[in-house]
Amino acid sequence: MGSGSSSYRPKAIYLDIDGRIQKVIFSKYCNSSDIMDLFCIATGLPRNTTISLLTTDDAMVSIDPTMPANSERTPYKVRPVAIKQLSAGVEDKRTTSRGQSAERPLRDRRVVGLEQPRREGAFESGQVEPRPREPQGCCQEGQRIPPEREELIQSVLAQVAEQFSRAFKINELKAEVANHLAVLEKRVELEGLKVVEIEKCKSDIKKMREELAARSSRTNCPCKYSFLDNHKKLTPRRDVPTYPKYLLSPETIEALRKPTFDVWLWEPNEMLSCLEHMYHDLGLVRDFSINPVTLRRWLFCVHDNYRNNPFHNFRHCFCVAQMMYSMVWLCSLQENFSQMDILILMTAAICHDLDHPGYNNTYQINARTELAVRYNDISPLENHHCAVAFQILAEPECNIFSNIPPDGFKQIRQGMITLILATDMARHAEIMDSFKEKMENFDYSNEEHMTLLKMILIKCCDISNEVRPMEVAEPWVDCLLEEYFMQSDREKSEGLPVAPFMDRDKVTKATAQIGFIKFVLIPMFETVTKLFPMVEEIMLQPLWESRDRYEELKRIDDAMKELQKKTDSLTSGATEKSRERSRDVKNSEGDCA
């Protein structure tokens, strides 16, 4: 604004008129002729007089808009040179031109203003006649205004017009500044909206990435349920699933009842047939009037809602359900459990990890995922597994409990929720302590005791891989570590805490399993052995052997690391000696030279 206003600043020139200082102000838009006329008016000379300006040291000054400004102490002297004789036509033409220029927006840009003389005095003798003083007051009617008076009036009018013009210019500048501020405020507002939009886009991109990862890791089935989309509903197939009904051999049926069953030998369709066989073999289809076609649809829909994670996938679901099935036969659970309890145990085992995303509860809570927010950080995955299970069962085509009375369904629902939530390892110590208290006086007729026992049973089945033979159990360790590493890599990239047992730079297969077997698996199965002694030989003995095997593997790993350190130390020492020899040789060569 400062530079803008300075462009309209007029120039002031001080004239010495016979000892009287006259200040003349004119705009930079005036031309030389206009400035000369203004000086003539100021000195009282006719307008057509040619004058010259002299400095205090009698140097001539060019009369034009770029002439140097002076001060009261160094005024210019005005010296008339000649008077121009103009014809009437030329004078009229100049007058007309002057009248037209007065109509311009800046009101005859020539004259800005005059100041009254500060000091009075006489003109130098021998020069032009002094200008007569005008009488006070207005002219009488009919009296012609003298040219000098007319010029003075024109000058005053020009000054007033210039002031008005400047005022209008200031208003225009104010309006321009106001408009500029409005534009800036609008830009600030738009930038703020952009920030909000960017954050929303980041959130949408994150959701899209998770959805794409979920889609790529799962089979293409119309009955998908994703926790990323609340509006997606299950649309189970209304036709009979097309997987073939395998006729299981007696050897397979016998092996299926044992914990040593090799779960890696079977394709998904074969595993579905095995699960279907379990429901028939345990009498659940008969006792609860389950429609065989509905059972197949339900199993197929469950299969399609397990993701293709390295560990938490449909094969893991089958592994847990098969271990539960084998424990029913090994421990003769049907002698002390009702068929309703067996149905709850088997169905909860099948549904316990539905739609598992491959990232555990710790990640869900630290990353503040939708599941953690929805379930308030309380077992978000286990709550989600329950929700998906009952959303599938809510579809008539998949409701295997459709012929069970409402009270019975309520009991099944409550039992399944209790068991699936018990698979959260964060509750392991709490559940174990409660079960140990009840073990002293365990009562099969006590509902609380039975509920705790069922919770322990599903926990045993969920983490029972090391109970199986080494060739069956060991691949599961690789799968679990792969899923752990996938999570820890993502946690590192997102700046989240990383558990040491998941960090690929810190954990090995041996270190990952030794602590888990010694402090989680063995104590839990030892507690179960007190109720079911037959578990010791079939399940506890393999755990002891597995612990010993991994401890031996750890000793080998430690020995290899120690050997590697020694090798590295020797290599570095040899390298240093070689460098010393090279330096000695160079020094000796230098001495010889």
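Start at 1 and count along the chain as shown; that gives each residue its number.
Quick reminder: no glycine exception, Cβ is built from N, Cα and C everywhere.
According to Swiss-Prot, the feature region 'Disordered' maps to 87-142 (among others).
According to Swiss-Prot, the feature compositional bias 'Basic and acidic residues' maps to 104-122 (among others).
What Swiss-Prot lists as domain 'PDEase' is 236-557, and the listing cites sequence analysis.
All protein chains considered, the CB of Asp353 (Zn(2+) binding site) has 25 other CB atoms within 10 Å. The secondary structure of Asp353 (Zn(2+) binding site), as reduced to three states from DSSP, is coil rather than helix or strand. If you look up Swiss-Prot, you'll see His312, Asn313, Phe314, Arg315, His316, Asp353, Asp462, Tyr484, Ala512, Gln513 marked as 3',5'-cyclic GMP binding site.
The secondary structure of His312 (3',5'-cyclic GMP binding site), as reduced to three states from DSSP, is coil rather than helix or strand. Less than 8 angstroms from the CB of His312 (3',5'-cyclic GMP binding site) sit Tyr306, Asp353, His356, Gly358, Glu483, each of them six or more residues away in the same chain. What Swiss-Prot records for His312 is active site, proton donor.
Within its own chain, His316 (3',5'-cyclic GMP binding site) has Asp353 as residues 6 or more apart in sequence whose C-beta sits under 8 angstroms from its own. According to Swiss-Prot, the feature Zn(2+) binding site maps to His316, His352, Asp353, Asp462, an assignment based on experimental evidence.
The Mg(2+) binding site annotation in Swiss-Prot covers Asp353 and rests on experimental evidence.
Annotated phosphoserine per Swiss-Prot: Ser379, in sequence order, evidence recorded as similarity to another entry. The Cβ of Ser379 (phosphoserine) lies under 8 Å from the Cβ of Asn361, Leu421, Asp424, Ala426, Arg427, each on the same chain and at least six residues away in sequence.
According to Swiss-Prot, the feature region 'Disordered' maps to 564-593 (among others).
The feature compositional bias 'Basic and acidic residues' is assigned by Swiss-Prot to 576-593 (among others).
When Cβ atoms from all protein chains are considered, those within 10 Å of His352 (Zn(2+) binding site) total 27, not counting its own. In the three-state DSSP scheme, Asp462 (3',5'-cyclic GMP binding site) is classed as helix. The separation of His352 (Zn(2+) binding site) from Phe314 (3',5'-cyclic GMP binding site), Cα to Cα, is 11 Å.
Sitting within 8 Å of the Cβ centre of His316, His352, Asp353, Asp462, and not among those site residues for Zn(2+), are the Cβ atoms of His312, Cys317, Val320, Ala349, His356, Thr423. It is 23 Å from the Cα atom of His352 (Zn(2+) binding site) to that of Ala512 (3',5'-cyclic GMP binding site).
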